[in-house]
């Protein structure tokens with residue numbers, strides 16, 4: 001209510017009570033005013049009542065919620081289900097216009113404001129997380145793979161003769177398919193094994209540039225966040241190489257925002273060389289439903305080009321989800337999640353190391369991977385060819401999600417390309433292994449239950465293996 005309505009309330013309720021209510025209302029409004037003035041994530045999180053008040057204020061600015069609105073067009077924000085309308089806080093028009101996802105909608109001032117504020121707050125969080133010199137970003141209602149495709153398609157207009165994308169291998173289907181979908185030919189560069197770690201073969205990347213000709217290379221497509229034993233690409237060296245050859249550089253930073261190491265690599269890469277854009281998932285970094293990503297970069301004009309490449313207006317749901325989440329967390333709340341994730345990474349590493357030792361295995365030494373860990377399964381492989389894959393099934397049945405069991409020698413064909421040793425990021429990694437990750441939102445209870453169930457599964461498989469050997473010897 002505005003001040004006039006509060007005065008009218010004093011005719012019905014005691015003025016002192018009304019003034020108290022008015023002051024409480026001003027407390028909410030002060031938080032909203034600071035957000036509109038600064039465009040940054042608030043230090044302390046908001047209450048749900050403040051968030052809902054803000055969203056309702058935005059919604060009444062959209063034409064579909066005008067009391068006297070008369071819509072005679074084909075897109076008037078009509079929603080048949082009240083449940084659907086409430087799910088979206090009656091913000092129905094989406095974001096952008098037919099020619100530009102970042103454009104203001106005349107019919108939807110509230111939704112447009114939501115879009116601008118979300119992009120501004122997310123930019124603040126990227127800076128807070130370590131990429132201090134990032135210039136611009138926007139939330140796009142597509143997951144990481146399609147968002148990477150959008151970046152590649154934008155580069156096509158700058159480099160019309162280029163047909164190749166140089167890609168240090170990472171065994172994840174969507175980032176590979178993002179290049180195929182955009183109509184380019186991936187040039188896969190195998191990783192090099194150093195100790196237990198799989199690292200970027202910089203010499204091989206350089207050779208590919210010289211072999212193909214820099215003018216024929218659309219970009220180098222590198223990766224930060226990845227499953228161990230692969231570690232983040234050597235971004236500083238790749239960025240310097242791209243700058244030297246005048247080749248664009250797109251970074252797949254899928255779940256790297258939560259890692260200070262990954263964000264530092266991006267910041268350093270941009271400082272010493274060239275990074276045109278880096279892409280990260282909303283769900284993996286901010287604990288929201290799947291369906292959105294952030295495209296960010298150091299040249300605001302190029303990021304604007306990418307946003308204009310998106311055809312048509314777009315769903316506001318990913319922007320709404322991350323806005324609600326960050327307003328509720330606040331910057332301090334998000335930093336707390338990042339700190340807890342890092343602490344639990346150390347706990348998970350120690351627990352896996354102890355468990356591996358108890359079962360005659362070892363924790364692979366991958367100090368350059370700040371999120372994912374890997375434990376060898378050599379002994380399990382020796383028991384039975386099927387035991388490794390069986391372990392994965394047993395863990396899934398026991399409700400351990402996210403753990404990946406990687407056997408030796410698996411082949412996978414994707415869009416006509418065959419990868420040997422698929423999921424291990426290498427044609428011939430020396431041992432089978434199990435992955436576990438300490439990602440944002442993980443708890444100590446998750447680690448405790450995982451280790452307990454993994455221990456039971458390994459003991460059961462060892463018992464089966466011993467029984468099978470005894471039977472074989474008796475025969």
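Note: Cβ is positioned from N, Cα and C throughout, glycine not excepted.
Note: residue 75 (pyridoxal 5'-phosphate binding site) has non-local neighbours 93, i.e. same-chain residues 6+ apart with C-beta under 8 A of its own C-beta. The annotation pyridoxal 5'-phosphate binding site is assigned in TrEMBL to 75.
Look at TrEMBL and you will find 97, 98, 105, 313 tagged as substrate binding site. The Cβ neighbour count for residue 98 (substrate binding site), using a 10 Å radius and every protein chain shown, is 10.
Taking a C-beta cut-off of under 8 angstroms and a sequence separation of 6 or more, residue 271 (tRNA binding site) has the following same-chain neighbours: 133. Summarising the annotation, TrEMBL assigns tRNA binding site to 271, 398, 463.
The number of other CB atoms found within 10 A of the CB of residue 284 (N6-(pyridoxal phosphate)lysine), across every protein chain shown, is 22. Among the features that TrEMBL reports, N6-(pyridoxal phosphate)lysine is placed at 284.
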Problem - Sequence-distant neighbours of residue 398 (tRNA binding site) in its chain (C-beta under 8 A, six or more apart) - result: 453, 456, 457
Completion exercise
If you measure between the CA atoms of residue 97 (substrate binding site) and residue 284 (N6-(pyridoxal phosphate)lysine) and round to the nearest Å, you get 28
Practice task
Pick out which of the binding-site residues 97, 313, 463 has the most other Cβ atoms within 10 Å of its own Cβ.
Solution key: 313
Exercise for the section: Within 10 Å of the Cβ of residue 105 (substrate binding site), how many other Cβ atoms can you find? Include all protein chains, please. Expected result: 18
Exercise for the section: Determine, to the nearest whole angstrom, how far the Cα atom of residue 463 (tRNA binding site) is from the Cα atom of residue 284 (N6-(pyridoxal phosphate)lysine). Expected result: 37
Problem - Euclidean distance between Cα atoms of residue 284 (N6-(pyridoxal phosphate)lysine) and residue 98 (substrate binding site), Å - result: 29
Exercise for the section: Would you kindly give the Cα-Cα distance separating residue 284 (N6-(pyridoxal phosphate)lysine) and residue 105 (substrate binding site), rounded to the nearest Å? Expected result: 30
Exercise for the section: For the recorded substrate site, enumerate neighbouring residues of the same chain (Cβ within 8 Å of the Cβ centroid of 97, 98, 105, 313, site residues themselves excluded), in sequence order. Expected result: 94, 95, 96, 99, 100, 103, 312
